[in-house]
Amino acid sequence: MSTFTAPKGTYDLLPTTNSAVYQAIRDRLSAPLRRAGYGYVETPVFEDLKLFSRGVGESTDIVTKEMFTLAKRGDEELALRPEGTASVVRATLQASLHKLGNLPVKLWYSGNFYRYERPQAGRYRQFSQVGAEALGAEDPALDAELIILADDAFRSLGLRNYALLVNSLGDKQCRPVYRAALQEFLRTLVLDEDTRRRAEINPLRVLDDKRENVQVQLADAPRLRDYLCEDCKAYDEKVRELLTAAGIAFEDAPNLVRGLDYYTRTTFEFVHNGLGAQSAIGGGGRYDGLSEMLGGPALPSVGWGLGVDRTFLAMEAEGIALDLPATTSVYAVALGEEAKNVLFTKVTELRRAGVATDLAFGVKSIKNAMKSANRSGARFALIAGDRDLAEGVVQLKDMESGEQTPVALEALVPTLKEKQL
Ligand code: HAM
């Protein structure tokens, strides 16, 4: 143990704590996107602070309480990214990807995000998302495509015990009317100071309040569904129709508002029933006004972010273990210096031929070296001593059956390649 430990709300991913599973999760969550025309994008982990205050919203918890801001350097006020959407829109506008004549611009990303939240199970200060954004098209089929891809992604990992919640938040025509009506209603309730303030700045967020005494009072709150304009209603219905046709089960969630201000129309969340309070394993929606909020042209868009950390926890909760191949196929053990030289060369040849191979390093007894071979999960051990070399062979030991056979040195690489390890 050193003097230092990982900061509160963060954790290390190590080979002993399933780092390979996390890699596999990222890979499988993004696989459906890669098959659907989404191109990979990477943006900086820090950005101009104002990108987030303007994009995510001045009144959101993410901006008011949870932003990791960096010490000011000159005029620059920077913050670690709390989410990916604002950055992807910024990058798209900066490179004018939307002007290349191929709309929607479809992008995916995988990376770490930072929110100064109170850490608890499933809620971290550094967490990881696989995300997707489709920019520059207003088409219910695009919303449906993304929801289907997310569902396919979770299913490909074996997850089953989750629900998909869907809502529509309306657009710039109908939402303000609803907002005013809701505000008027909220002013008649008995609410604490904080909640009253929230009702004035961001009344829709109050609907999301989990406290019993607030929820009881909200029973008769005006419903956004009743205020949706004809266009929004038709759009929402089409999205649902396409989901149903694709065999995707979803629940209507009239109170689903989400914690980011940029959403319009379709919003959705995947919630897992084995995770306790932090149950959202992914979420997203349409954000038709975000580009303009960032100084760009109108660029109606939709996207999602799937939480890698919570996906891992959800898999644990369902008892799902991925069948991952061992990272090492062949493990070489040399008995003596001369044998070490020969095996070292062979190990390099094997690796170059595509066979995942490791070698016992340091001075080890044969017993300890064979223990390492065992722990590596290798299918075969290569053992060579002076006597073997004199005969021009190495011993190939099948680690499952224990069977050992001599193989001529020159035949070693083709023999192992043939086994397609
Ligand atoms: P979000 O709902 O804030 O949306 O985050 C998406 C997912 O990231 C959540 O469902 C959750 O699984 C995971 N997540 C969020 N915060 C934490 C945390 N503190 N610890 C662990 N996991 C967490 C967004 O970020 C939007 N950018 C999604 C989006 C993309 N909307 C449109 N395009």
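Cβ coordinates come from backbone N, Cα and C, glycine included.
TrEMBL: automatically predicted annotations, no manual curation.
Record note: TrEMBL gives Glu83, Gly84, Thr85, Gln129, Glu133, Arg258, Tyr262, Tyr263 as L-histidine-binding, and the candidate from Arg115, Arg118, Arg240 in that site is Arg115. Of all residue pairs in Glu83, Gly84, Thr85, Arg115, Gln129, Glu133, Arg258, Tyr262, Tyr263, the annotated binders of L-histidine, the farthest apart have Cα atoms separated by 21 Å.
Within the same chain, the residues at least 6 positions away from Tyr263 (L-histidine binding site) whose Cβ sits under 8 Å from its Cβ are Leu169, Val257, Gly285, Arg286, Tyr287, listed in sequence order.
Looking only at the binding-site residues Thr85, Arg258, the densest Cβ neighbourhood within 10 Å occurs at Thr85. Model confidence over the domain 'Aminoacyl-transfer RNA synthetases class-II family profile' (19-325) is summarised by a mean pLDDT of 95. Ligand 1 lies under 6 Å from the Cβ of the following binding-site residues, listed in sequence order from Glu83, Thr85, Gln129, Tyr263: Glu83, Thr85, Gln129.
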